[in-house]
There are 4 protein chains.
Amino acid sequence: QQESLIREGVSGFLVFDWQIQFADQKQEFNKRPTKIGRRSLSRSISQSSTDSYGSAASYTDSSDDETSPRDKQQKNSKGNGDFCIKNIKQADFGRREIEIAEQEMPALMALRKRAQGEKPLAGAKVVGCTHITAQTAVLMETLSALGAQCRWAACNIYSTQNEVAAALAEGGFSVFAWKGESEDDFWWCIDRCVNLEGWQPNMILDDGGDLTHWIYKKYPNMFKKIKGIVEESVTGVHRLYQLSKAGKLCVPAMNVNDSVTKQKFDNLYCCRESILDGLKRTTDVMFGGKQVVVCGYGEVGKGCCAALKAMGSIVYVTEIDPICALQACMDGFRLVKLNEVIRQVDIVITCTGNKNVVVREFLDRMKNGCIVCNMGHSNTEIDVASLRTPELTWERVRSQVDHVIWPDGKRIVLLAEGRLLNLSCSTVPTFVLSITATTQALALIELYNAPEGRYKQDVYLLPKKMDEYVASLHLPTFDAHLTELSDEQAKYLGLNKNGPFKPNYYR
Amino acid sequence: QQESLIREGVSGFLVFDWQIQFADQKQEFNKRPTKIGRRSLSRSISQSSTDSYGSAASYTDSSDDETSPRDKQQKNSKGNGDFCIKNIKQADFGRREIEIAEQEMPALMALRKRAQGEKPLAGAKVVGCTHITAQTAVLMETLSALGAQCRWAACNIYSTQNEVAAALAEGGFSVFAWKGESEDDFWWCIDRCVNLEGWQPNMILDDGGDLTHWIYKKYPNMFKKIKGIVEESVTGVHRLYQLSKAGKLCVPAMNVNDSVTKQKFDNLYCCRESILDGLKRTTDVMFGGKQVVVCGYGEVGKGCCAALKAMGSIVYVTEIDPICALQACMDGFRLVKLNEVIRQVDIVITCTGNKNVVVREFLDRMKNGCIVCNMGHSNTEIDVASLRTPELTWERVRSQVDHVIWPDGKRIVLLAEGRLLNLSCSTVPTFVLSITATTQALALIELYNAPEGRYKQDVYLLPKKMDEYVASLHLPTFDAHLTELSDEQAKYLGLNKNGPFKPNYYR
Amino acid sequence: QQESLIREGVSGFLVFDWQIQFADQKQEFNKRPTKIGRRSLSRSISQSSTDSYGSAASYTDSSDDETSPRDKQQKNSKGNGDFCIKNIKQADFGRREIEIAEQEMPALMALRKRAQGEKPLAGAKVVGCTHITAQTAVLMETLSALGAQCRWAACNIYSTQNEVAAALAEGGFSVFAWKGESEDDFWWCIDRCVNLEGWQPNMILDDGGDLTHWIYKKYPNMFKKIKGIVEESVTGVHRLYQLSKAGKLCVPAMNVNDSVTKQKFDNLYCCRESILDGLKRTTDVMFGGKQVVVCGYGEVGKGCCAALKAMGSIVYVTEIDPICALQACMDGFRLVKLNEVIRQVDIVITCTGNKNVVVREFLDRMKNGCIVCNMGHSNTEIDVASLRTPELTWERVRSQVDHVIWPDGKRIVLLAEGRLLNLSCSTVPTFVLSITATTQALALIELYNAPEGRYKQDVYLLPKKMDEYVASLHLPTFDAHLTELSDEQAKYLGLNKNGPFKPNYYR
Amino acid sequence: QQESLIREGVSGFLVFDWQIQFADQKQEFNKRPTKIGRRSLSRSISQSSTDSYGSAASYTDSSDDETSPRDKQQKNSKGNGDFCIKNIKQADFGRREIEIAEQEMPALMALRKRAQGEKPLAGAKVVGCTHITAQTAVLMETLSALGAQCRWAACNIYSTQNEVAAALAEGGFSVFAWKGESEDDFWWCIDRCVNLEGWQPNMILDDGGDLTHWIYKKYPNMFKKIKGIVEESVTGVHRLYQLSKAGKLCVPAMNVNDSVTKQKFDNLYCCRESILDGLKRTTDVMFGGKQVVVCGYGEVGKGCCAALKAMGSIVYVTEIDPICALQACMDGFRLVKLNEVIRQVDIVITCTGNKNVVVREFLDRMKNGCIVCNMGHSNTEIDVASLRTPELTWERVRSQVDHVIWPDGKRIVLLAEGRLLNLSCSTVPTFVLSITATTQALALIELYNAPEGRYKQDVYLLPKKMDEYVASLHLPTFDAHLTELSDEQAKYLGLNKNGPFKPNYYR
């Protein structure tokens with residue numbers, strides 16, 4: 001099955017069956033900053049929080065070199081100096097981090113193997129702007145193995161793993177990124193990526209839309225040669241839909257944020273693990289017997305509830321949507337309004353995508369020691385600002401953990417100041433990032449190889465078939481064996497034996 | 001929240017926001033008999049199997065009156081004789097069954113209460129053709145309370161609960177149905193429903209499409225006054241899409257089979273319970289420690305796997321779709337090909353929607369005592385025909401349970417001859433049927449009240465909002481309290497406070 | 001590992017290492033009719049309820065022969081007439097039931113195989129008084145294969161499977177039992193077992209103590225030749241402890257009721273499945289979202305709670321013991337007093353071993369449709385008598401299901417009139433009974449072969465090692481592979497490589 | 001219920017009903033270093049590992065004062081200098097840690113409240129030797145509130161939380177302990193505890209037996225005034241049983257290690273959470289879909305398996321004991337020998353209490369990236385020594401995480417060098433330690449107040465009733481409401497309304 005999928009892929013990258021304009025969804029994105037895709041936005045934070053745990057971090061932190069990278073003369077061991085990073089000497093350490101990541105990114109490694117025969121990205125000149133982490137490095141080195149030239153900047157001023165950047169520079173990549181850039185540094189780095197005598201990029205890989213924005217603003221003519229944009233974040237996708245709506249999108253763009261596989265992994269499966277991880281690392285709380293209220297029963301809420309129930313917590317759910325509410329009931333959770341349980345619960349978790357779900361009135365009524373955290377959309381769900389009043393005392397007891405103390409001595413335990421718990425206080429497994437990175441690589445290949453006219457100046461979703469292909473590349477990790485349809489069965493079902501196996505709306 | 005939803009509903013039935021023509025799905029349905037919706041097709045079987053358990057059944061079975069109902073002079077206690085059923089004396093017993101059903105159908109009862117003020121179906125003349133069960137009776141009496149006149153026939157020759165039919169007739173409904181009709185009886189009953197001097201139906205409620213077919217064939221002119229068709233079964237929906245495609249559909253039709261709520265209830269939640277129930281009632285097998293292979297990890301497979309895992313079985317999964325396969329992995333199931341485990345498993349369950357999933361070759365290799373059953377699509381999944389060979393002995397050991405014995409003495413335990421296990425050997429909770437019946441009622445109201453031109457001669461899905469409304473009517477059963485958006489939150493999310501809360505494709 | 005265990009067993013049955021007088025436990029038994037062991041008492045009821053489902057039952061029920069078996073001339077096909085049963089013609093049907101049971105009783109079948117070389121019960125003359133079921137038949141035929149002569153009566157007037165009795169009689173066993181004996185018949189059968197010219201039993205296998213009681217009363221001299229009693233039921237064990245305490249026990253007795261394996265299987269694992277089965281067969285209730293209160297969190301309660309939680313119910317627990325209460329908390333259940341939740345729950349389940357746990361006051365406050373049932377000790381837990389008052393109406397809606405109706409129309413659903421749900425309304429898997437039957441066989445072998453003086457006139461528990469041996473004989477069913485200690489490891493742990501591996505009190 | 005229990009306790013501490021000499025168990029302990037109780041032995045390590053996460057640790061670590069505490073002149077703010085710690089200035093920080101711990105130790109706080117009326121330890125002079133942590137501080141301050149004078153040393157040279165020691169010294173306690181003592185320091189501190197002019201201890205609270213040993217060796221006459229020893233660790237208990245067996249135990253001793261509550265909490269419930277926590281903090285591994293083998297299915301193994309199964313791992317179990325093996329089967333785990341799965345698993349976890357469970361042969365066959373860790377007994381389970389060979393390369397990638405690299409590049413991930421994962425790499429919730437600390441306090445009260453002659457020179461277990469009392473003191477944390485027996489029910493069950501509710505062997 002996989003054999004044939006892969007073979008199909010080699011040539012098949014050129015043959016996309018479905019073109020989905022997804023008008024309704026665009027409308028969605030224009031209206032509101034949906035929960036969908038938020039994870040890609042913040043992934044870097046997660047990586048940098050990993051830093052503070054792993055040995056890599058301590059290594060970095062001990063660096064006391066205060067000279068700005070921009071002021072340094074930099075060269076790697078081969079004499080190449082077309083990069084700007086913190087410290088090239090950290091390359092060996094970074095290389096090991098990359099090697100560790102490779103083990104959990106089976107799909108990219110499989111793409112590399114296939115690329116020994118052909119180079120679907122031969123001639124591609126990719127400018128990229130993403131978090132610079134070990135996982136990104138595996139992606140970049142895969143793109144390179146597939147034939148692409150890459151120039152890269154960071155999409156976040158804090159998220160760069162300096163050692164990884166060093167390893168990339170040592171390996172010959174033109175990387176412009178370090179941890180702790182100023183805003184000026186940030187745009188300087190992006191510009192260095194794009195603006196090089198004799199270099200005309202033809203593909204953009206963006207995370208947040210800043211790189212795209214910069215080119216629009218400074219080098220609009222570059223778009224004439226650009227074949228497409230691949231964008232991962234919800235923010236970036238939102239910007240693209242707005243450009244498209246305004247008729248200003250001048251190249252095709254691929255939204256890699258909304259594939260089923262990515263959504264399920266990032267939300268349901270990943271949160272099922274990270275809610276436990278985040279709570280333990282910050283509070284060491286025992287889950288057994290604790291009463292918890294989870295606000296919101298979407299994919300994130302479902303993951304949180306399932307994990308906590310399994311650990312022996314008693315879980316209550318709040319919802320606004322009757323369908324999700326009915327699901328919560330059938331899954332064994334009492335559906336309540338927050339005020340019904342706020343006095344009795346030990347832990348409050350928000351995952352609604354909404355704002356002001358936990359307001360001061362609720363915070364006032366929580367019991368002593370109640371833990372409050374957010375797994376949902378940015379930092380709006382808990383009204384943290386309402387706690388910045390004179391009569392309340394804040395006490396930082398651990399990194400990312402504050403005690404907020406009422407005049408009567410009651411204290412609540414606020415995690416990550418209401419920002420995303422799992423990205424602030426735990427880590428995202430490489431295996432999850434692997435799915436996104438693979439989707440990015442395939443999207444680049446598709447846009448780069450698509451015949452003239454297949455893609456208009458619009459925002460596209462990856463077709464179901466590609467989504468299935470990404471999934472299939474991750475199955476060997478689990479030693480999972482897919483069944484292949486017989487000809488007779490395929491005919492009976494009216495399906496192509498190589499998929500797609502489900503309609504595009506299937507979740 | 002619910003208050004407002006309900007109020008909104010009263011007038012709001014007239015205001016459908018979204019009109020979904022769902023072209024892709026139609027194409028789907030043309031190609032293959034999908035798993036979607038299959039349950040409604042077979043529900044009657046379930047009801048009749050219920051019969052054989054409950055006391056109602058034994059009552060019925062003891063009836064030794066051999067005269068055909070068509071040959072009897074029938075009158076209820078008020079002298080009304082416009083019906084044809086088995087035995088009007090069974091009315092009291094049937095009334096009790098209806099009352100029991102009412103308790104688990106909260107949404108219809110809520111609709112009745114609202115109808116005390118207004119009658120959204122005043123003037124409606126509904127001809128119906130469905131299974132005649134206690135649940136249907138609750139639906140019919142609700143339609144009546146909403147203002148409709150009803151004439152009804154059975155959509156299946158075996159599924160009628162005679163006592164319920166008697167109670168309906170005694171209550172003044174024109175019912176034409178009994179258990180054990182001949183094919184000639186079947187069409188005679190349908191004709192009696194439709195063809196009455198001075199009666200011109202204006203709505204059709206169908207389950208399977210036979211009633212619609214009969215009117216097309218015999219009384220095509222009737223369609224001039226008919227405002228719409230509500231169809232529940234996959235087969236009937238399939239027929240409607242074909243009519244539509246051929247340009248022959250002459251009134252709007254509503255597909256009530258594919259709403260999220262119905263799908264999730266019928267497949268995931270219902271199968272999670274009925275796989276255990278069906279296996280226990282037929283085999284008394286102990287689940288703990290048993291090795292089970294579940295073929296297919298769609299909603300049905302997910303339900304089966306979750307239940308068996310919870311009961312201590314070791315579950316393997318087979319899949320053709322890499323995305324579902326990856327979900328199975330993440331949920332903790334070994335993904336295998338059937339031949340890898342067929343020798344070792346104690347139970348084989350099919351839920352693929354495919355044909356010939358378990359073929360003779362696999363049956364030959366099963367171990368002694370292996371239980372084989374089907375939770376999927378009709379009776380094609382297990383190649384039962386291949387077991388009808390001279391060297392194999394069949395032994396009926398219980399109702400719905402056959403031992404098939406190999407020459408060497410090995411026996412496998414085949415349930416329901418490969419037909420749907422849960423519908424053949426267990427029961428469907430009334431609460432699940434309540435969701436479908438509510439959706440049918442709302443669809444009738446909508447089509448009946450829609451202003452000219454809102455619905456074309458096409459097949460429509462119920463909009464998300466109605467789906468959410470059905471869900472909301474079932475929440476009070478669980479004493480579940482929905483949270484209402486504040487104005488500020490609704491604005492932030494770009495949502496109407498009364499929903500819909502999700503895009504239509506959300507599952 | 002098992003090889004050696006088995007070999008060790010052959011001779012090793014003679015070498016009991018531990019002799020446990022268990023004074024504390026005796027004291028326990030004197031004080032109260034503990035929940036421990038209750039299942040054996042009622043097992044027959046289960047078997048007869050099985051009857052009413054399987055085809056065996058209908059066969060039996062169709063028998064309209066009203067002549068008392070005591071008045072019939074009976075002979076099997078070989079001319080032997082030393083038995084008294086319902087109808088020898090049912091032997092073939094009974095044989096098939098026995099063969100089906102053999103497949104789920106792997107340990108007894110393993111003992112038979114070993115007995116081809118030696119006969120550890122050669123010379124044993126066993127009188128037995130147990131339920132006459134297919135599972136008992138497998139035990140009896142195993143004892144016979146091990147060398148014993150057997151005469152058997154039923155310990156319950158309703159529980160005999162007539163077809164199985166016929167098969168045993170046809171096979172040459174002297175069986176005196178039929179379904180529906182009068183009390184006079186009951187003692188007549190027991191007497192026929194014991195009192196035969198030229199027959200002096202030397203072993204007793206009892207279930208309930210009636211056989212033992214009869215011999216004490218009528219033939220006390222027989223005890224001179226009797227080597228021991230094996231007793232399974234809590235009632236019978238209780239009687240033996242009382243005899244022992246009074247100094248009147250004149251032979252050693254083996255309590256097979258209290259082994260770990262039996263307890264865990266009968267209570268935790270079996271109830272985990274049968275609570276679902278019993279509720280479904282009687283009420284078809286949907287578990288998802290239902291609120292349930294389970295009274296008592298011993299092994300039975302733990303099993304019920306785990307199953308219902310897994311099916312999506314919301315479960316509350318009541319307890320008197322703070323340790324079990326803390327376990328309930330850690331397992332994720334709200335610990336409440338019954339009055340806190342009685343108004344809101346959909347299902348009430350008792351498993352306390354106590355009396356009057358659900359009294360009229362609570363029944364009065366239940367909501368309409370609440371289901372009430374008992375999984376605990378006999379029928380004392382729910383105060384059913386308090387419902388037999390004039391203002392309440394009882395309505396039998398199904399076998400084992402009563403609606404009790406209050407003057408205001410509220411009805412509660414009472415199952416099995418408060419008797420044990422799982423034994424009244426579902427079945428006990430043969431695999432569970434296999435464990436008990438194996439323990440009985442081993443206890444007979446041990447007592448029969450024990451050298452003079454090893455066992456005093458007291459009540460003994462089976463040693464841990466035998467318990468482990470029974471477990472090991474059941475592992476092959478699960479294709480489970482035990483690890484064997486290395487010499488070095490055994491020495492390190494201070495254990496014999498063949499066990500016992502745990503102290504006797506380990507649960 | 002609790003009200004009465006508490007009142008009963010006040011006087012009831014004097015009335016122990018059961019005296020359990022538990023001869024069999026002593027024998028057990030002589031034979032082997034059982035898994036039982038191991039946790040108390042290593043708790044300190046956990047605490048120190050907590051250090052390295054929390055802010056307390058970094059504070060401590062930044063201390064660059066190299067002078068030995070023994071060489072410093074020390075005084076607290078009241079001028080008291082009878083202590084020896086690292087730095088009295090850290091007292092404020094330590095006080096906050098103690099306050100945080102108090103919130104999770106409800107039972108000790110309840111004891112303190114009761115002590116406002118009476119002082120059951122008035123006149124008690126307790127010498128203690130335990131880990132010096134925030135939890136111990138709560139215990140010490142409780143003993144003080146109950147009337148005792150305390151002098152304390154550390155039982156482990158690394159486990160002292162210096163800030164907590166400072167807070168205790170500032171509060172007037174004579175504490176002799178710091179993090180990083182030399183062995184000479186260790187015994188010097190113990191001696192300073194015991195050997196003070198004019199101080200004659202009358203109670204010993206020991207953890208590991210070193211304090212007891214020191215008094216036996218240096219000040220044997222002290223035992224004349226000592227009323228008893230309370231010992232928590234398995235090692236210390238083992239030593240006491242040996243003394244008892246040799247007839248050299250000259251005062252009564254209480255084994256607080258083997259109470260049900262402590263065992264269940266420390267093993268089942270705590271490991272269920274800490275296996276996930278330990279693996280995440282060290283490796284960030286995703287659990288979903290991973291194949292795991294757990295060696296040993298005792299309480300620890302049961303906890304690990306349940307957690308991993310819930311997180312979507314596929315879990316295999318190895319066992320030597322057929323009863324535990326059968327439990328694993330019934331709980332849904334494949335029972336295998338290690339060699340059957342060693343090539344395919346992603347994670348190997350030992351919890352057998354045995355040695356050399358994972359030997360080099362298995363390590364050689366693991367796949368690349370396999371994670372190996374120990375949750376069982378000390379560091380013997382994995383043969384780590386066998387990995388210290390020249391051809392293997394060790395690489396320390398994080399704290400407590402080593403990659404061991406084979407010549408062909410395969411690497412396994414070894415956690416905590418085979419020491420206990422949860423104590424090395426995660427934390428133990430205060431709530432769990434609360435149970436132990438409460439049991440210690442009650443044991444001290446009982447021994448101190450027992451009338452002459454109640455306790456002989458032997459080792460005693462806490463009676464069931466005390467165990468139940470400890471549990472009851474922890475229920476309010478969960479807002480759990482215990483049901484009280486009616487007089488009639490208590491009589492029926494033959495139980496005292498205040499317990500004990502179960503026989504002593506009940507687990």
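Any Cβ shown, glycine's included, is placed from N, Cα and C.
Checking the candidates B:ASN202, B:ASN221, B:ASN379, B:ASN422 against TrEMBL: the one annotated together with B:GLY298, B:GLU299, B:VAL300, B:GLY301, B:LYS302, B:GLY303, B:GLU319 at the NAD(+) site is B:ASN422. If you check the binding-site residues B:GLY298, B:GLU299, B:GLY301, B:LYS302, B:GLU319, B:ASN422 against B:GLU232 (substrate binding site), none has a Cα inside 10 Å of its Cα.
Counting every protein chain shown, the number of other Cβ atoms lying within 10 Å of the Cβ of B:THR133 (substrate binding site) is 28. Annotation for B:LYS262 (substrate binding site): spatial neighbours B:VAL256, B:ILE435, B:THR436, B:THR439, criterion Cβ-Cβ under 8 Å with sequence separation of six or more. Cβ contacts within 10 Å of B:ASN422 (NAD(+) binding site), excluding its own Cβ and spanning all protein chains shown: 29. A sphere of 10 angstroms centred on the C-beta of B:GLY298 (NAD(+) binding site) encloses 22 other C-beta atoms. Candidate binding-site residues: B:GLY303, B:GLU319, B:ASN422. Nearest to B:ASP207 (substrate binding site) by Cα distance: B:ASN422. Chain A comes close to B:GLU319, taken from the binding-site residues B:ASP207, B:LYS262, B:GLY301, B:LYS302, B:GLY303, B:GLU319 by a C-beta to C-beta distance under 8 angstroms.
Calculated from their C-alpha atoms, the gap between B:GLY301 (NAD(+) binding site) and B:ASP266 (substrate binding site) amounts to 12 Å. In sequence order, B:LEU268, B:GLN327, B:ASP331 are the residues near B:LYS302 (NAD(+) binding site), counting only same-chain partners six or more apart with C-beta under 8 A.
Each residue contributes its Cα atom, and for B:GLU299 (NAD(+) binding site) and B:ASP266 (substrate binding site) these two points are 9 Å apart. Rounded to a whole value, the Cα-Cα separation of B:GLY303 (NAD(+) binding site) and B:ASP266 (substrate binding site) is 10 Å. Per-residue pLDDT, averaged over the domain 'S-adenosyl-L-homocysteine hydrolase NAD binding' (B:267-428), rounds to 94. Figure note: comparing Cβ neighbours within 10 Å for the binding-site residues B:ASP266, B:GLU319, the maximum is reached by B:GLU319. A sphere of 10 angstroms centred on the C-beta of B:GLY301 (NAD(+) binding site) encloses 31 other C-beta atoms. Residue with the densest Cβ environment among the binding-site residues B:GLU232, B:GLU299: B:GLU232, by other Cβ atoms within 10 Å. Maximum C-alpha to C-alpha distance over the listed substrate-binding residues B:THR133, B:ASP207, B:GLU232, B:LYS262, B:ASP266 is 19 Å.
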